[in-house]
């Protein structure tokens, strides 16, 4: 358990935990008296730091590794590396006293219940179980009274069986709870930048101590309560604590910082005071942890199914009891002896009052057991197991699921909006080209050996100093292993933006170390304007040594920086000169050329000012800049991305790139990733922003790339897609991506490069920032739904068979063919064993060959209903035949283990064979239920799942033991070899029965009832073509032909091309239910076709002419629609346009 510190009044430091809590009172954060107390009593933040034995500049002091070593906690993620000074060796400090006094920065998860507590809670909350236990006690008491020798066995067996069922269920719940608690704890772990002993390092938030000095940058979540030390334009969003949108500027007049709040602007340093459960955010999180009990949409949907089935079970139990009670009453009226079973003290029958009461009590217990079996309490367990197993398997595949419902929702996703940088690319950036003046320098690589060669043209020292100063000072990034980079095999490790890291490596290649510059040139207070997605640039104000002027350095998106420049640095005169139109044209041409090669371009600029105060008062100081250089950064595409995108498209998902990069760079990368293809179009954010709703809907089917977009553009696109019925997944890593991540059905944040705000807004964290991991999320998400459907078709078949056999047997022979203990054993197989066995199946590759399933689609498909029907009929027929005819078919040659009453043996033998056959049938039922959608190969992947095989073995072993060792408890008798063969053969016949039933279903319907309709064989693959079954209400993967007035003839060629490809597309139905191409009238719209819309075709990018055209999109099913019908639809559109044109004239 986390250490929360000693008694709050104790402290060897100058401040006790109680005094610190007083300083960190969130409700008094604006109280002037608290600020006065800080300044007067404690002499400001420096005085508080002195009390805590730390320093506001260098942080907690480290001890040399050669003296007084104390073993650190072990949770620090990265080796501490120096930045400003110190050696790269690992330093440690004695943190045991601070941890003892002030505790650890961990929010402990809520206390888990023990297995016994879970068992007791289940008994208390489940009235049916309570009734069953009471009935079992009554049977136990009455049995002991009527037959002291063995009358107690049945009642005791029922009690033991109930306890076993409870313990197994409780064990599953306990295990699941422990796993979720671990995940909950992992969610509190964040990356933080601290200064200890003057050394900057990145550590886990769990390792933060009171007295630490923490660096804060845009996007960070504050990990503890503390006091502002220094900073530049530090603005904090306190809405997580207040519930209102409050952005508060932090400085010496408002210095209090609180955990859970976010940095929305600027940078700063803070002194840590309160951590863990004592911090403001920690107190709230502790309450949230206690109250956390989320149910997923799938669980809610299945709860409705369970309630419905439960009602059927209750009705069956009541009818069973009424039938037995009527039979009992008839026997009583006729003074007929009531069957009680064997007892050495009587002849097997007793008409005493106790015997009659015992008989009706046993009937009551059987009826209650029928209800227990019928109520599918295993459904919630199946969902929980499927979700929990998928969550941990996804963790193995680098997907950390933060919200339980995200994995199941991902299985229904129809479109993905993905970032480019770091998601589709490696995020290993290196500067490969520089434009300085009119010279372009080229190079490759990120290490010193990849230095950009300058040939005979060398940058003059003043220009090199200007360039490197602008890079190093206008940055918050640092290199963790900087002193190790002399080894060419070592890759640089950046803390901060990889883009800034690439620029720092450029400075290193030019011979200037960033630490050297940062130590010489001071920044101006309030002189940092942070980068954000709206400004797309960062600016820093410095005061050069021995100068009366100030200098503002700016870097950012090349087009934006260029538009803000009025001068350019002359590389010959080494002074700024006015920028000419030819300079602008040359730089723009270079930007475009590099962008078409897939390179990201950034511009560096500066300006000198005399009055820093006037500049600091401006929200946007970047005007009249001097252009220094244009740099091109290469970020290679991950080699697995094209295949991952193809897998998404094969699975019926549309992948769109949404990026802030230049549109030419974006489309180049999108083509290499197979995202931009066919007749797709690319738009820039401003164009999309200025479109009407109708125009956006019109371009949406073809929109594949949205470049130079703002966070709000991304949000609007996601919102529009959801309004069109899409289930949207979105990736994001920045603070401003949070609204889109929240709006999406599933938000993916980046675990490596993502800000804490983005992580908090997401549902799933990509631990490796890799788009390919999303494919695994799709596979596991779909597997969750498939697992539940498998479990449903397995359990409902068992349920119905058990209910029917119990009811029919009870009414006809006067007692249930399956005893209470046997029914409880069946219930254990159905619920716990069945759920665990089917949930352990991993998704196969074929799961990506199916389209996503609509949320409106019923969880029980036609093929499942057919399977349940076949299982129920086969099992009921076989069991009833065994019950009534086993002695005629296979008379007992000898009594293997004679009961005390030989007259009872034939009946008990028949019921034991029935019981064993029923259990063996569930083994083959489990095997068949593994496959959905009338899949014929039931053994696909069968031997790869060891858990499944183990559970089948356990069921069989327990059944053998039940009829050989524990026959008294199970109210059974021994079986000989021939009788075992009867049970096994009947159960194995279940396999060909299922195969034949599925084959007949395929042949009769000519489509599988899961999601597809079969429409003949594909000429190339010789496999059935698949199109969407219109009755299934599934979002289709479609192809649209867009018609404009000047390309009516071209449309016929489009149709021919599509028909030859036999692409699966969306269709419409006419009044005669024929598949036809119907114009979608609400998609007719008018929009301006300009250079802002980029179309993709065989001749690469085509910029359409700047005229206004009507556009009409017809969605067709190419394999089924005749060309004549299609062209008739086109001509109808053309005639409509002609009439509108004549009316206007």
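Just so it is clear, glycine is given a Cβ too, placed from its N, Cα and C backbone atoms.
Your range for transmembrane segment, going by TrEMBL and the list 219-247, 248-276, 335-363, 364-392, is 364-392. Looking up the ranges 859-890, 1019-1050, 1051-1082 in TrEMBL, the one annotated as transmembrane segment turns out to be 859-890. Mean pLDDT across the domain 'Cation-transporting P-type ATPase C-terminal' (816-999) comes to 82 in this model. Of the Cβ pairs linking the transmembrane segment (859-890) with the transmembrane segment (947-967) and spaced 6 or more residues apart, fewer than 3 are under 8 Å, so the two regions do not touch. Across the candidate stretches 796-814, 947-967, 979-1000, the maximum count of CB pairs under 8 A to the transmembrane segment (910-927) is reached by 979-1000.
Among residues of the same chain six or more beyond the transmembrane segment (796-814), those with a C-beta under 8 A of the stretch's C-beta atoms are 309, 312-313, 316, 319-320, 323-324, 327, 339, 363, 366, 370, 373-374, 376, 823, 826, 829-830, 834, 867-868, 871-872, 875-876, 879-880, 883, 907, 914, 918, 922, 925, 929. Secondary structure of the domain 'P-type ATPase A' (189-288) per DSSP, as helix, strand and coil residue counts: 19 helix, 50 strand, 31 coil.
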